[in-house]
Amino acid sequence: MSKILAINAGSSSLKFQLFEMPSETVLTKGIVERIGFDDAIFTITVNGEKIQEVTAIPNHAVAVKMLLDKLISHGIIRSFDEIDGIGHRVVHGGEKFSDSVLITDEVLKQIEEVSELAPLHNPANIVGIKAFQEVLPNVPAVAVFDTAFHQTMPEQSFLYSLPYEYYTKFGIRKYGFHGTSHKYVTQRAAELLGRPIEQLRLISCHLGNGASIAAVEGGKSIDTSMGFTPLAGVAMGTRSGNIDPALIPYIMQKTGMTADEVLEVLNKKSGMLGISGISSDLRDLEKAAAEGNKRAELALEVFANRIHKYIGSYAARMCGVDAIIFTAGIGENSEVIRAKVLRGLEFMGVYWDPALNKVRGKEAFISYPHSPVKVLVIPTNEEVMIARDVVRLANIG
């Protein structure tokens, strides 16, 4: 038995889960929020009960030390020596990393080099890695990249039709995100379908406040909706998804905004929030739409319509599809969105059961048994993928 910590460090937060492997039992989980403030919030789950403490946590290193001390004081571990490995979520691995990797000084340097591709996320991920290195210097640590799974995309999928030297000089290409989630749910789908993943053509719909679709053929990502950044693809909670690039100078001209200000609008004030004018939260929009709010209904239709189109295009790309998977907050819980997305896909062999579609937050087939294309709801589990990669790469167990 080994104990593995899965870590997701944000600029002012630190999410954690402690697994016992190989059983994949979650021993505890929690989050440190508002790091850098006097009223930081430390939340940990012990024996199913959430315990919360508000205290000053000046930086990530202090948050890590506090986390480890709490694991001991709550009797979850007896000493730091019981931690056998640590897995860190890293948002962007660029082209350098096509798999998770053991963290060395050289690897850390390479993660820093690709940070300009994810300036909001990678620096925070690096801070988390260094904080753990300070407190647990001899424990093997693994970086698990959101982008790595999509590194199997062929050139015709990842290249933009721009001057080729923009790719060779500046690394401008599609990278894709949510890779750890897409990998988990497609592997799990193969298990539930009882077929080798090498034989399957799968479309994975990771639908949360950020959303992306992936075409996965033979267990490998061959295309995905997000691009150079997570702004591309389908409309999302606050992100626009794909737009005509000529709109950016046009909006600048009409509003007097700078390029950065327009980008801020595209990232934070667009998507379902922009169309509805009321919220980026799907639950609010479903409620408002049910009460007759036309723009809330329109926001839901636009969101579903874009996903629907990606499913059709990826089915064409793979010359057919064996299963469609819904995952993440919206994908796992919203029967309304799933119904809107699946509506009209009977022409390609998708027959789904409205009664089965009422499922929320648990694994289920929502297609009829006779449906040639199966439809599954699979709750994602990025943390367990991180723990598995630590065991695999650090030769633990």
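Quick reminder: no glycine exception, Cβ is built from N, Cα and C everywhere.
Database features, via Swiss-Prot:
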- ASN8, GLU382: Mg(2+) binding site (BINDING)
- LYS15, HIS206, LEU207, GLY208, ASN209, GLY210, ASP281, LEU282, ARG283, GLY329, ILE330, GLY331, GLU332, ASN333: ATP binding site (BINDING)
- ARG89: substrate binding site (BINDING)
- ASP146: active site, proton donor/acceptor (ACT_SITE)
- HIS178: site 'Transition state stabilizer' (SITE)
- ARG239: site 'Transition state stabilizer' (SITE)
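For the pair formed by LEU207 (ATP binding site) and ASP146 (active site, proton donor/acceptor), distance between Cα atoms is given as 15 Å, rounded to the nearest Å. GLU382 (Mg(2+) binding site) and GLU332 (ATP binding site) are 14 Å apart (CA-CA, integer value). Among the listed recorded positions, namely LYS15, ARG89, HIS178, ARG239, ARG283, the Cβ with the most fellow Cβ atoms inside 10 Å is that of HIS178. Maximum C-alpha to C-alpha distance over the listed ATP-binding residues LYS15, HIS206, LEU207, GLY208, ASN209, GLY210, ASP281, LEU282, ARG283, GLY329, ILE330, GLY331, GLU332, ASN333 is 24 Å. In this structure, the C-alpha atom of GLU382 (Mg(2+) binding site) lies 10 angstrom from that of ASP146 (active site, proton donor/acceptor). Secondary structure from DSSP puts LYS15 (ATP binding site) in a beta strand. With all protein chains in the displayed structure included, the most crowded Cβ environment within 10 Å among the binding-site residues ASN8, ASN209 is that of ASN8.
Separation of the C-alpha atoms of ASN209 (ATP binding site) and ARG239 (site 'Transition state stabilizer'): 9 Å, rounded to the nearest whole number. A Cα-Cα distance of 12 Å separates ARG239 (site 'Transition state stabilizer') from ASP281 (ATP binding site).
Reduced to three states, the DSSP call for the residue listed as 'substrate binding site' is strand.
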